[in-house]
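Right, one structure below, let's go through it.
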Amino acid sequence: MSHAGEQKVKQQISSSLTLVLMVASAAIGGTLQYGYNLAIMNSPTTFIQKFINETFLERWDIQLEDYQVTLVWTIVVSIFSLGGFAGALIAGPMTIRFGRKKCLLLNNIFLMSGALLALTSRAAKSFEMIIISRVLVGINAGISMNVQPMYFGESAPKHLRGAISLSSAVFTAFGVVLGQVVGLREILGSEACWQYLLASNAVPGLIQLLTLPWFPESPRYLLIDRGDKEACINALRRLRGCEVQSSELDEILQEQAETKGMRPRRPWELFTDRSVRWQLISVMIISSAMQLCGNDSIYFYASYVFKEAGISDDKVQYVTIGTGTCEFTACIMCNLLVERKGRRFMLMGGFILMTIWAVVFTIALSFEVIVLINQIIYFCFVFFLSAGVTGVLPTEIFNQTARPAAYMIAGSMMWINLGIVGMIFPFLVSELSQYCFVPFAAVCVLSALYIGLFLPETKGKSLSVITREFHKLNFKNQDKNFESQPEAQYQLGEVCHSTAL
C-alpha cells in the first residue's frame, strides 16, 4: 500500500473513532441517565419510605399509615415522569437556540442541581427535596431523550443512521444495568448510603461535561439552521474523514434549500399541517406504545413483582440485575440488526414478540409458576427490540424545521404515558391480579397492526424519498399533482429549478 493510501486509512480510522467517542460522550450524560434514574429508585424503596415516615413523625407527630407512605412514595417515583414531560417540552426550543451539542451540555445544570438536593435531603430531613430532585433529574432525562437521538441522527452517515441513533437505547439499557449494580446493598443500596445513591447520577454528567466540548456540532444544524457551510464541512470532515462525500453534502444542501426562508415549526402547527399528518400520527402512536407496553413500570416496582413471584428479599436485587442484563444484550442485538432488517421489521417484530411473551407471562402467573421470572426476563429482552428504533423515526421522517417540534411531541407522549402507567400499574396488579399484563398485550397487538399497515420503511432512504412515501397517505387523491411538481436540483450549494415537463 502506498504512503498516501496508508494515510487515508489512518484518517478514516481516526474519523470512525471520533464518531464512536462522540456517541459515547453524549450518551453517558444523556440517555444513560434515563435508564440509570429508573433503576436506582428500586433498591432504596424501604429506606426512603422509612425516612418519609420518620420525617412526618418528627415534624408533626403524625404516624403515617402504610397506604399513606405508599402514596407519598408513588409521588416520589412518578414525579420523575412529570419532570421528563417538562424536559420534552423545552428540548425543542433549546436545540433551536443553542444547538444540539450545547443543549446537552446545558442540560447538566438540571442534573447537578437535582443531585445536590438528593445528597443533602437526609441531612436537611426533607423528603420534599427528594421530590424536587426527581423533578429536576426528570427534566434532564426528558431533554436528553429528545436531543441526543436528534444529534446522533443528524451527525451519522446514512448507512449507519439507524445503528448510531439506536445506540441511545443501548446506553439506556446500560444505564439500567449500571443503576442496578450501583444500587446493590453492598455498594450504595444500603440504609446508610441511599442519599449517595440518588446523587450518584452526577458522575456520568461530569464525564459528559469534560468530554463532549471536544466533539463537533451536528453538521445539519450548522448548515441548515446557522447557514455556516464551512463549519458544516469541517464537522463532516472530522466525523467522516479527510474527504467529504459530495452526495452527503448535496443531500444536506437539498434539505436546506427546501426549508429556506422557513422558521422552525411549533408543535401545534404540525397538528394542522396535512403534509405531515401521518408522520405525526406514526410518531405519537409508536412513542406512546413504547411506554404503554408496561415495561418501564416494572423497573419502578421490580422488587414488588419479584417478591410476589416468591423470590426472597436478599435475592431480589440480583434477579433484577439479570433482567437488566438481558435487556442490554437484546439492545445490542437490535443495534446490529436494524441496518440489515430495517426499522419497520424490527418495530413490528418486537411488538409481536412482546404480545406472545405477555400471554406466556399471564399464563405463568395464573398457574403460579416460578418460571414466570424467566418470562419477565424475556419480556424485557424483546421490549428493546422495538423500543430503541423509535428514537430514530423523527429524525428520518421530518425535515430540519419540523424535527425539534416532532421530538417535543414524541417525547411528551412518551413521558405522559410513562407517568400514567407508573401510577396505575400497582392498581392493575391489585385489581386484575394474574391478568395485569393483558392490557399491555392488547397495546402490542394494535401497535404491530398499525406499523404493518401504515408505516413505510425508512432504512437507507433520503428525506425526500421518505416524504414522497408519506405523501401517498397524506394526499391519497393528489399523487399525480405531487409527482409533477418541479424538483429542485442542487450542485455544491447552488439551487436551480427545472421546468416540469
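Every residue number used here counts from 1 along the chain in the order it is shown.
Glycine is no exception: its Cβ is also placed from the backbone N, Cα and C atoms.
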Any idea which of 108-129, 130-151 is down as transmembrane segment in TrEMBL?
130-151
In terms of Cβ proximity under 8 Å, which residues at least six beyond the ends of the transmembrane segment (130-151) contact it?
26-27, 29-31, 33-34, 37, 48, 75-77, 79-92, 94-95, 100-101, 103-104, 107-108, 110-111, 113-115, 117-118, 121, 165, 168, 198, 201, 205, 218, 391-392, 394-395, 403-404, 407-408, 410-411, 414-415
Overall pLDDT of the domain 'Major facilitator superfamily (MFS) profile' (23-459), taken as the mean:
84
